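Colleague: Okay, here's the structure, questions in a sec.
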2 protein chains.
Amino acid sequence: MTPFRLDEHYADELDRQDPLASFRERFHISDPDLIYLDGNSLGRLPKLAIERANRLVQQEWGESLIRGWNEEGWYTAPERVGAKIARLIGAQPDEVIVADSTSVNLFKLVVAALRLQQGRTHILTDNLNFPSDLYILQGAIELLGHQHHLDVLASPDGIHGPVTRLYDSLNEQTALVSLSHTAFISSFTYDMAEVTQAAHKAGSLVLWDLCHSVGAVPIKLNEANVDLAVGCTYKYVNGGPGAPAFLYIRRDLQDRLRNPLSGWWGQNHPFELGLNYEPASGLRRFLTGTPPILSLSLIEPGVDLLLECGIDALRARSIRQSEYLILLWEELLKPLGFTLNSPRDAGLRGSHVSLGHPEGLRIDQALIHEMKVLPDFRAPDTIRLGIAPLYTSYRDIHTAIMRLRQIVTERIYERYSTEPPSVT
Amino acid sequence: MTPFRLDEHYADELDRQDPLASFRERFHISDPDLIYLDGNSLGRLPKLAIERANRLVQQEWGESLIRGWNEEGWYTAPERVGAKIARLIGAQPDEVIVADSTSVNLFKLVVAALRLQQGRTHILTDNLNFPSDLYILQGAIELLGHQHHLDVLASPDGIHGPVTRLYDSLNEQTALVSLSHTAFISSFTYDMAEVTQAAHKAGSLVLWDLCHSVGAVPIKLNEANVDLAVGCTYKYVNGGPGAPAFLYIRRDLQDRLRNPLSGWWGQNHPFELGLNYEPASGLRRFLTGTPPILSLSLIEPGVDLLLECGIDALRARSIRQSEYLILLWEELLKPLGFTLNSPRDAGLRGSHVSLGHPEGLRIDQALIHEMKVLPDFRAPDTIRLGIAPLYTSYRDIHTAIMRLRQIVTERIYERYSTEPPSVT
């Protein structure tokens, strides 16, 4: 590799040399001038998903009709797609199932875990966790009669997880540790094995939310002896907007946990239509109602691409690209008041890099509306640049950084309002 | 209309004369020889849904990318599609929202209702209710600490709802009446207004499951002063396999109920990313996680067709067609041991007609595998013939009855196993 340079030709050289560069062609990219750095919110459309969608609608729904449940594999899709996701996250095929949304799955697992951990009253989490996770934890506590306490440990700097505080807080009262593996704003990523081991030593269960790491960061649930996990499929997994989520339960726990959302898809013999709920054995008991087959089936092309590429190769590229981005930041943006709001150490970071700026909101608006760059923004001041290593190019990164620079040096952001838009 | 006759030409005459016959052309029907009488399980594919799916995948996901949440109306889709469904069920636009599955929505509403009805301990339901509803009720009771009792009232004859028993059971202990409007096996349909009024007189809330009536039976939630309802969109609404469900909450109750699945989509200002759950006002608080946009958006073409046709016209056709079916049954099938397992009175029936036969399972198998007729079967002996008045033809009905007859007179069913197939 030639030594680091700031110009765009160097970015192009990196693109030419990168062994994974050709995966970009597997995605539908209609406008090559659009710099998409929000794959950490909604992944791009795999070309294979277009064909799959056509087949799903016309042939499977339109022609197989009700027979699709058997003949097109709809009935077993939660397990089939789950087994593929299992390979991305270091779990056994029968330890992962696709169901509902991340928040609904979190509710199911949290309630089940707290009922198993009778007598233990504390749940540990942190203030880097995705807010929906905190809301679900609060709701579960309220529902179970306020016998539990939620300790939201504060990050020491708003970037790194409160690791020391977490270890200090673990004790015989801890029922559950519930954390995001990669933090949605700062990209801080916990050492899953270490935290899980410490929690287990205190007799606690551990639940990881993998939304911001799955598909970009290697995850080894079995190796880390993780109890429970949830995650979404519409970010780095490229499953489509709002595609159903997944849940993981370590095999030996599966038959000890009860799903509070005890619907017929979790019933032992649902088509016997018995009047009393009898949970199926294994993970299927954590299903509830009929799943949205079109959205569920369209997860598969994205997972297949990740499996074809291999998660370790992807991670290596993600690190190469984020380090390149950070070098550019250091030279070109830091002098303009941009801060690095992610850990500097790649080992502590997921696959997005967050930059702070006092004018972050207006800069973000300028990027989107004038510069054809799509990052995303998280209040109060953070611009997240998501590196989706299957399709993000070095040239994308270079262009985004140059345009960020231009927006500040030419004060383009001043054309925009300091009021946040209604939805982002 | 010419007098009733048993031959197929009479069926063709009825098809030619029926003012709604042309709606059939709005559906993708690739094999005109296939007699599809399972629209009460999975509705057919509207042609418009094919175009919509293409646009959704390529243009909205593939090209709008993350901007789709605003620019393609994904963020407001739960309300937008909900407001259209409201027009099918006699509710205000802000009283219906699309979310999750029927079972998950039922859980949310049941738990919220029981918490509102402090001090009342009984839930009334019946054994005609869809099993998943009973399982969800059982799960909610278990979760709330077994302070509630579920009374599953028995139908007097396995066909009609236990109306008298229900009225006799209502008292100051009744917290909630939870029933299927149309029963999934027998097609018995409650008088929604009468039951709701009786329950209200006793101080109970009422929750109707509309899965087997919505899109085929007129429903007037406001007129009947109904408190709560849930329903699916993949049967007579033609929303696609496993398409998301909807929930209804009467406006004055909305801000008094708390969603136990308190995820970020129900948060007041979700993008402020606050650490504490504060429910949105109105129905949005009953959302939980990110919805599956592809499956959700594809509900719309089916709803639009129903609205275009008008539910009263549809109901009239459904009754014309079911009466025709029952006349054929009486002449051609009753002598062969088929029983009518639905109410004879059209006013007490939904849009499917159930026929029983001691060899029901094997007859069903023969229909599917040799006769190109797709009904469905419910243990122990019931063949359900679903009339989806948007596309079922009189000729479909005639052919199905003739083939049922042939299967029995020629003992074709004897080729099939008495063991149920793994999934149906």
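Each residue, glycine too, has its Cβ placed from N, Cα and C.
Below are the features listed in TrEMBL for this protein:
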type	residues	note
BINDING	B:T102, B:S103, B:F130, B:P131, B:S132, B:D133, B:D209, B:H212, B:Y234, B:W264, B:T290	pyridoxal 5'-phosphate binding site
MOD_RES	B:K235	N6-(pyridoxal phosphate)lysine
Colleague: For B:Y234 (pyridoxal 5'-phosphate binding site), which residues in the same chain are close in space, meaning a Cβ under 8 Å from its Cβ, but six or more apart along the sequence?
Modeller: B:L42, B:G43, B:G240, B:P241, B:G242, B:A243
Colleague: For the C-alpha pair, I'd like the distance in angstrom between B:D209 (pyridoxal 5'-phosphate binding site) and the residue listed as 'N6-(pyridoxal phosphate)lysine', rounded off.
Modeller: 13
Colleague: Quick one, of the binding-site residues B:F130, B:S132, which Cβ has the fewest other Cβ within 10 Å?
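Modeller: The binding-site residues B:F130, B:S132 were compared, and B:F130 has the fewest Cβ atoms within 10 Å.
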Colleague: Could you round the CA separation between B:K235 (N6-(pyridoxal phosphate)lysine) and B:S132 (pyridoxal 5'-phosphate binding site) to a whole angstrom and send it over?
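Modeller: Cα of B:K235 (N6-(pyridoxal phosphate)lysine) to Cα of B:S132 (pyridoxal 5'-phosphate binding site) measures 16 Å after rounding.
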Colleague: Mind checking which of B:T102, B:T290 has the fewest other CB atoms within 10 A of its CB? They're the binding-site residues.
Modeller: B:T290
Colleague: Let me check the 10 A CB neighbour count of B:D209 (pyridoxal 5'-phosphate binding site). How many other CB atoms are there?
Modeller: 30
Colleague: Determine the Cβ neighbour count for B:K235 (N6-(pyridoxal phosphate)lysine): the number of other Cβ atoms within 10 Å of its Cβ.
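Modeller: I count 28 other Cβ atoms within 10 Å of it.
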